[in-house]
Amino acid sequence: MRSHYCGELSEAHLDQSVTLCGWVNRRRDHGGVIFIDLRDREGLIQLVFDPEYSPESFRHAEQIRSEYVLQVKGRVQHRPEGTENPDLKTGQVEVLGQELILLNASETPPFPVDEKLEVGEDIRLRYRYIDLRRPESLQRLRFRSAIIRQLRKFLDERGFLDIDTPILTQSTPEGARDFLVPSRTHPGQFFALPQSPQLFKQLLMVAGVDRYYQVVRCFRDEDLRADRQPEFTQLDIEASFLHEETLMALMEEMFKELFATVLEVPLHTPFVRMPYAEALACFGLDKPDLRIPLRLVEVGDLMKTVDFKVFAQPAQDRDGRVAALRLPGGGKLSRKEIEEYTQFVAIYGAKGLAYIKVVERSRGREGLQSPILKFLPDEVIGAMLERTEAENGDIVFFGADKASIVNESLGALRVKLGHDHGLVEHGWSPLWVIDFPMFEWDEDDHRWHALHHPFTSPKEEDLSLLEQNPGACRSRAYDLVLNGTEVGGGSIRISQSQVQSQVFRLLGIGDEEAQDKFGFLLDALKYGCPPHGGIAFGLDRLVMLMTGSASIREVIPFPKTQTAACPLTGAPGQVAEAQLRELGIGVRRLASDKV
């Protein structure tokens, strides 16, 4: 139906006859000549309909409105001198219309496609097929496609096999809640949609596939949180006979090539390696943004004997922490601004936000401003200023509480201060976080949970700690963090059946339950399982970062809302009683439900 895309025409096509198809972006009537901007996936081209050149096509053009779908035949010509549009890829040429065919009319869309207006997300998602006509929305999908194409190319060239794994699988007791699918042929039993292909890709390693990858949909019925999707896309990777350093180096090469090809931006390798403990100590969280030149500083040892319980008690508590965060030039902050930051850290459980302003450091206590100075001896103040490297004009904030609260609150404050005060450096700052603990203790459940997942291998030198001191056992896990966002996580896996059973028992999964839920894996590990490991990257989040999008929903073709609903289709919805009876399911309806 067409010979060219609208957006690919240039002076190289002058005097050629072309056939174009697309949507009317805008129609203008200027002095008896009609101009139509025709839009397709590749861009815009200006069409000219002159009654003296083609009276019939001019009459048709008079009836055309925005978003009508057209087929147009015409001749490419230079735009008249002075009417060129340097902001448009096709701005040097136009098409003189010879024949116009209306392929389909359009009602007035719920929002304009051709204008950069702020449109509410609810209506954009409800009419997502209109929203995706907007150049910026369509460009994100093109970019997403380019990223996936480049990643596939890299892995294909290095011997990785693209292999599908099942979507209908077994529900497992670890991780987020599963989406369950009732089985009609096995009444009362359920499949689960996969949270990841984890177990199947490990079985592929047992099978001798050696190198596997897959661009795969994953499903997690998580509690509602901002910027989370119940279904998302992963680049899933697994390989045999390698150590973590080999895999990390390969992934660095993949990202370096991706950024060079798609963004034309260099990434310097090797990426920074940072132990988990260092990340928490210096940045308060396990996904630090290294573009922000602010660090947390431990001062608990200085505060153990001060006559100020707010500091002394957590400093003496085994699970407590007292940390400082210096903001260069922050001495100019007003009382109102400090109060706003105090309210901000309260979101993370902090009971307050102590501070000291450094006016003239050389004067000691007299050169400082703070309501807490009266509680601190001169030697503590001096040591704190020395350790934080505070200078005149700075402000030093303090967090004192359980270590988890201090880390989370000051870690979040560090990021906010960096953005509020223009301290975030431009560019890309990738790093690996390594040496994670194998387990974390759940105070509510009074049991251990796997920090990553139960199939992660402990470090060989820490194997004995599985029985002696699980909290001190480190894993062979690694997370890739990019500008403060975790984009991927992986590990070397457990390849011995007895170690896997030991980890299950430690997590409260008894032998009977382990056999019921994971028996196929435990059996497979007994049949010559190779050492293996892998990683999975969240493609949606990676595309969001690389496109500079504000939300993950911007880079997913048909996303769900924050309430895990689809405004476009109305999902989730009720189903007919006959379908439920066929599945052997009864539904207890709420009084508010529609019947």
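Just so you know, glycine gets a Cβ as well, placed from its N, Cα and C.
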Candidate sharing the ATP site with Arg220, Asp221, Glu222, Gln229, Gly538, Leu539, Asp540, Arg541 (per Swiss-Prot), from Glu278, Glu486, Glu582: Glu486
The annotated region 'Aspartate' range in Swiss-Prot, which must be one of 34-37, 178-181, 198-201, 394-397: 198-201
When distances run from the Cα of Leu539 (ATP binding site) to each of the recorded positions Gly82, Arg220, Arg493, the nearest one: Arg220
Composition by DSSP (helix, strand, coil) of residues within the region 'Aspartate' (198-201): 4 helix, 0 strand, 0 coil
For Glu486 (ATP binding site): DSSP state (helix, strand, coil): strand
Minimum Cα separation from Glu222 (ATP binding site), reported as the residue among recorded positions His30, Gly82, His452 that achieves it: His452
Cα-nearest neighbour of Arg493 (L-aspartate binding site) within the listed recorded positions, His30, Gly82, Glu486, Arg541: Glu486
Cα proximity to His30 (site 'Important for tRNA non-discrimination'), best match among binding-site residues Arg220, His452, Glu486, Arg541: Arg541
When distances run from the Cα of Glu486 (ATP binding site) to each of the recorded positions Gly82, Arg220, His452, the nearest one: His452
